[in-house]
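The following features are taken from TrEMBL:
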type	residues	note
BINDING	Asp19, Trp20, Glu22, Asn24, Glu33	Ca(2+) binding site
BINDING	His81, His205, His209	Zn(2+) binding site
TRANSMEM	34-52	transmembrane segment
TRANSMEM	64-83	transmembrane segment
TRANSMEM	95-111	transmembrane segment
TRANSMEM	123-150	transmembrane segment
TRANSMEM	162-183	transmembrane segment
TRANSMEM	204-225	transmembrane segment
Amino acid sequence: MAPAADRQGYWGPPTSTLDWCEENYAVTWYIAEFWNTVSNLIMIIPPVFGAIQSVRDGLEKRYIASYLALTVVGMGSWCFHMTLKYEMQLLDELPMIYSCCIFVYCMFECFKTKSSVNYHLLFTLVLFSLIVTTVMYGMLVFTLVVRSIYIVTWVYPWLRGLGYTSLGIFLMGFLLWNIDNIFCDSLRNFRKKVPPIIGVTTQFHAWWHILTGLGSYLHILFSLYTRTLYLRYRPKVKFLFGIWPVILFEPLRKH
C-alpha cells in the first residue's frame, strides 16, 4: 500500500481504508491515482456499446444488465481511485458483488427456455449480496469459475478458447494485483530510477483493471454466445478494427 507521505491534491487527504501503490497526485492535481483511474475506461466504454447493441438485438435483459453492471463497476472504481474517499470506496467495492451475482445468474440460466425467470436463484443471489462478506465473495467467484469451466468442458467444448481466455486474463490480472501489493516499496523505488514511460508500465493495479475488465467483458461474450447458441441463433465473434471482440448473430434460417 502507498505510504502516508504522498502529496495532497484537489480531493484532500484520503479517507478510504485502502491507498494503493501508485503515487498520489503524481500526474495531475485533480486525480489522486491517475493510472489506476483512467485504466477503468476499459470497463466503462465497451460495455456501454455492448448494452446498446443488446437492446437493438432484442436480447434478454439479463445480458443488458451484465454489460451495465460492468460499466457501474468501472465508474465506481474510477471515482474511488480519483478521490480516495471512503464513500467512493464503497461505490467501487459493492458493485463488484452485484455484478458477479448477475454473471452467476446468466451462467446458470444459459440452458433454460427463452425469457424464463428463476426466482429461486434470484432470491438466493439477492440474499447473498445483502449478507456478503469477504469469504463469501470468494465463494461467489469460485462458483462462477466452476460453472464456466463446466460449460466449456462438457457442454460446448468448442467454446473452450473464449471461456478459458476470459478466465486466464482475469487470473493474470489477479497475479499482477498481488505483485503490486506485496512489492509496492520495490516498485516505487524502481519508478524513481527509470523514465516515466517505463515506470508507468509497472502500475500493476492499473493492469489489474485492464485485464479484469477485459476478462469480465469476454466472460459476458462467452455467456451470451452460449445462450444464443442454445436458443438456436447463429452467433459469430467479430473483431472491430481487427482487435476488439463483439458478438453478432442472426436468427436461424427458416426452412
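Just so you know, glycine gets a Cβ as well, placed from its N, Cα and C.
Those TrEMBL annotations? Automatic predictions, nothing curated.
Summary for the binding-site residues Asp19, Glu33: the Cβ-based neighbour count within 10 Å is maximal at Glu33. The Cα atom of Asp19 (Ca(2+) binding site) lies nearest to that of His81, taking the binding-site residues His81, His205, His209 as the candidates. Cα-Cα distance from His209 (Zn(2+) binding site) to Glu33 (Ca(2+) binding site): 13 Å (rounded to the nearest whole number). Residue environment of His81 (Zn(2+) binding site) contains 29 other Cβ atoms, counted within 10 Å of its Cβ in all protein chains. Tertiary proximity for the transmembrane segment (34-52) is limited to same-chain residues at least six positions away from its ends with a CB under 8 Å from its CB atoms, namely 20, 22, 26-28, 64, 67-68, 70-71, 73-75, 77-78, 81-82, 200, 203, 205-207, 209-210, 213-214, 216-217, 220, 244, 246.
Of the listed binding-site residues, namely His205, His209, the sparsest Cβ surroundings within 10 Å are found at His205. Trp20 (Ca(2+) binding site) sits 9 Å from His81 (Zn(2+) binding site), taking the CA atoms of both as reference points. Neighbours of the Zn(2+) site: apart from His81, His205, His209, residues of the same chain with C-beta atoms within 8 angstroms of the site's C-beta centroid are Trp20, Glu22, Glu33, Trp35, Asn36, Thr37, Ser39, Asn40, Ser77, Gln203, Ala206, Trp208.
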